[in-house]
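Marked as region 'Disordered' by TrEMBL: 277-314. What TrEMBL lists as transmembrane segment is 15-34, 41-61, 67-87, 108-129, 135-153, 174-192, 204-224, 236-256.
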Amino acid sequence: PQSGQGGHAYLREGLWWAGLLCMGVGEAANFAAYAFAPATLVTPLGALSVLVSAVLSSIFLNEQLNVHGKIGCILSILGSTVMVIHAPQEEEVSSLESMAEKLKDPGFIVFAVCVLVSSLLLIFVAGPRYGQSNVLVYVLVCSAIGSLSVSCVKGLGIALKELFSGKPVLKEPLGWVLLVCLVICISIQINYLNKALDIFDTSVVTPIYYVLFTTAVMTCSAILFKEWQHMVLDNIIGSISGFLTIVSGIFLLHAFRDMPFSPSLLPLFLQPGRAEPHPPWASAGTHQSCQHQPLLPSEDKGSQSAEEEEEEEE
């Protein structure tokens, strides 16, 4: 059976493994970015990968990038630039000890429990009933679990920095716990994202997954690392505006990807070859005004006069 029906036939495809390997290389670079930058900044910039894939698809796979897609690419670039300019400054977490203190925060514990409970309900209750008909079921699972995986990546990045500086990180149990949690979270994400892509169209899954995943990660990072605590109002508005601009660009890029855009869809005055040689007002003098035109056509007038003559003869 297919992945949408609980099967894993794609594991026997060499092309799938090649794609997974390429994604792994990209995620390794993404992993390094999380170690040195706020998660609220790194995650929304993942929209650039969607932009690059759309451009490369139009070049190598001969896929058409219509006007909506080009506008979406421009909006994604503009939104990413705005988010970089107004990026929040996360609270300094430079060691596993400080990371452990963050993980013990009551706010994060409540958030993590809510994520786990809601994910279990979606998997075991909503999944069998609505998973085949509602795109939000499996995408919500990927997004919720993905927010926890980003926190694990952030902690492992700190652990690697300490390891390269010569500290005995391998003896710390927190690093191994974060690694196990990361493997579990990524496995769940891959499984349910494949199910969503197998059931629904990519143009529907990709923008919804991006919006929900980025929102969940930004919420988790704001709770765990207090990234928004010391931001001024201008930077908050700029970050939110940049994120909404990226969302608009991703929506245009995917939602209208298969919609053909030809010159016939333009208004008549913008269509090439259909423009009037003279503006309407140029020939206005050659036509009679509506006020001086007869109310009835000439043929009607002729028929009326013939009827009057017949009546007179009678």
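In case you wondered, yes, glycine gets a Cβ from its N, Cα and C as well.
Remember, predicted model here, so these are calculated numbers, not experimental data.
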Checklist entry - Cβ under 8 Å to the transmembrane segment (174-192), counting only same-chain residues 6 or more beyond its ends: which ones? => result 3, 96, 99-100, 119, 123, 138-139, 141-142, 145-146, 148-149, 152-153, 155-156, 159
Checklist entry - For the transmembrane segment (236-256), what are the same-chain contacts with Cβ under 8 Å, counting residues 6+ beyond its ends? => result 40, 44, 47, 50-51, 54, 66, 68-69, 71-83, 85-88, 202-204, 206-207, 210-211, 214, 218, 228
Item to check | Spatial neighbours of the transmembrane segment (108-129) far in sequence, C-beta under 8 Å, 6+ residues away | outcome: 102, 137-138, 140-141, 144-145, 147-148, 188, 192, 216, 219-220, 223-224
